[in-house]
Amino acid sequence: MSAPRTLYDKIWDDHLVDEQADGTCLLYIDRHLVHEVTSPQAFEGLRMSGRKVRAPEKTLAVVDHNVPTSPDRHLGIKNEESRIQVEQLAKNAAEFNVEYYSENDKRQGIVHIIGPEQGFTLPGMTIVCGDSHTSTHGAFGSLAHGIGTSEVEHVLATQTLIQKKAKNMLVQVDGQLPAGVTAKDIVLAIIGEIGTAGGTGYVIEYAGEAIRSLSMEGRMTICNMSIEGGARAGLIAPDEITFEYIKGKPRAPKGEALEQAIAYWKTLKSDEGAHFDRVVKLNAAELPPIVSWGSSPEDVVSVQGIVPNPDEIQDETKRASKWRALEYMGLKPGTPMTDINIDRVFIGSCTNGRIEDLRAVANVVEGKTVASTVNAMIVPGSGLVKEQAEAEGLDKIFKAAGFDWREPGCSMCLAMNDDRLKPGERCASTSNRNFEGRQGFKGRTHLVSPAMAAAAAIAGHFVDIREWN
């Protein structure tokens, strides 16, 4: 009888083509997502070597990072480098026979939102993209992670990837989430617990009652930020919630093929007694709404907490780093988080740009008005999310409250398009990174859930969503 295996072990074993004595492995790749920023050199490499894309049907391309999200984006992209990258992806996709969603296609959106929407992302698959947040797709019980541009070329040419196997980590989140606490708060709490290097060398499996109770949107939020915890990938075993989400998606199996697929997908779970190299446990019932205070995703506290004092940190290097973060963020130790005023609010990104996130925002802001001191924007994660939100009348709620309702794209998550912070501006953001300059030169980012961001937009400062009315 074979030894018990983790979910990661099973997917790895199913895709192992070859293993060398030093542990170097060749893995088969089921799905390859491509965007405009990390693919131009890869396609040029194919062109120069006279190669074709080995499996165009397993490759999907979309523009997301550079595209404007303003209503007039049909007028074109102002920045020359961004425009060239977008134009080049369209040309490369046509030349190499890869399906492509342009900015004028309603299926266009952030790469990690459109994959699941289209049924391109399925349980048990290996999925790669030249983007660190590819871990999002692990919410379906797939092994998904980012790759570099040279690896993008390798996958395009061979449909394989050279890898070494990571270690297994289990993050067990039991208990029931309190009202007002979301998947975003769970993952920020996890990163606060293990640190941004805590997952280095691991693939994380998320399990427990709180994880099981999440929708697919919530699970994608969790897996999306695995990389911020240092992990190679994050995954959640598929279940009935997963199967229901997949049913009816354009590229998902249908009929008997779907039933056969579900029978296989039900085997995709860690065996009882499977070995994890590290286990981390959290009690969801004790989690508060969380706000980041520094320039790392591990710099988090309860919304009812205060800005911490770095002098209480023993490690000299870390202490200096946290003082630098406070200086950059313009904050002082001891400041209550609810006393921090904000200038901007960004709701969107591959972390929190889905329909469930937008519904949560609408519930908070309906009948209210954005503070006069705040500029707030909502960017749907895809054209289909935008279409659904408008069908439900959410856009009317947002506009009536004073939010800017935008076109789909990565937007202000990263300063690679027109949406960015000005120096010194402070933003409540539903995105995944609060690094220095991430949202714009000298911009200050606080990571929060969609509901927390929405409430901050109305109040003009951070508030405890649990006390919101």
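Counting begins at 1 with the first residue displayed.
Cβ coordinates come from backbone N, Cα and C, glycine included.
If you check Swiss-Prot, you get these features:
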BINDING   C350, C410, C413  [4Fe-4S] cluster binding site
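The Cβ neighbour count for C413 ([4Fe-4S] cluster binding site), using a 10 Å radius over every protein chain in view, is 29.
DSSP classifies C410 ([4Fe-4S] cluster binding site) as coil under the three-state reduction.
In this structure, C350 ([4Fe-4S] cluster binding site) is part of a helix by DSSP. Just so you know, the Cβ of C350 ([4Fe-4S] cluster binding site) picks up 28 other Cβ atoms within 10 Å once every protein chain is counted. Annotation for C410 ([4Fe-4S] cluster binding site): spatial neighbours D64, H65, V67, I110, S349, C350, M416, N417, criterion Cβ-Cβ under 8 Å with sequence separation of six or more.
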